[in-house]
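Structure first, commentary second.
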Amino acid sequence: MEKIVMFIQCLLMLLVAIQLTSACTCSPPTLDEAMCGSNPVLMLTADTDALVDSDGNLVPDGSAADYTKYELHIDEIYKNGSNGFTWKAGDDVEIIIPHSDDSCGVILDLDTEYYVSGSVKEDGTLDINKCGVISKVEFKVLETDESKDINDLLTGVRKPRCGKRRRLLRKFP
């Protein structure tokens, strides 16, 4: 009986280890860090979506698909990428995003605006995932201190705070 319990414990530990190795393990940057980096920071609207395979081919209804192809409209550009490829406000871009957590995928709601930081692939296409800033634009009139700070950053009223994050250390008695 003891051997069975040990076997089950080992099996559970192995399953947990396998799950951890296949999970998305990135820490999304703050908006300040995204503005300081070389990646683009945009406001996008997701217009259309379609389920596709890894090559971008449409998947028949009812079939399993690992990717979603989105047609995105660029509403505003706060920062273009530094690799020489640039977009303009009003451009439409097509991207393919995995939607599994294992590959840091995301699912976007249609007709919804997002603040996004991403990267630009070698072929000039936009790439976004959970490792970048992805935030729904909840409201246009920003009223809270935090949202005013974000608005000031995006509109250029304040410069991004580049460098290391400041961490407050709390002393316990």
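Just so you know, glycine gets a Cβ as well, placed from its N, Cα and C.
The Zn(2+) binding site feature in TrEMBL is assigned to Cys24. What TrEMBL records for Cys24-Cys104, Cys26-Cys131 is disulfide bond. Annotation comment: TrEMBL describes 24-162 as domain 'NTR'. For 1-23, the entry in TrEMBL reads signal peptide.
Residues in the domain 'NTR' (24-162) partition by DSSP class (helix H, G, I; strand E, B; coil) as 19 helix, 45 strand, 75 coil. Around Cys131 (disulfide bond), the C-beta neighbours below 8 angstroms that are at least 6 residues distant in the chain are Cys24, Cys26, Ser27, Pro28, Cys104. Here the domain 'NTR' (24-162) has a mean pLDDT of 78 out of 100. When the recorded positions Cys24, Cys26, Cys104 are compared by the number of other C-beta atoms lying within 10 angstroms of their own C-beta, Cys26 comes out lowest.
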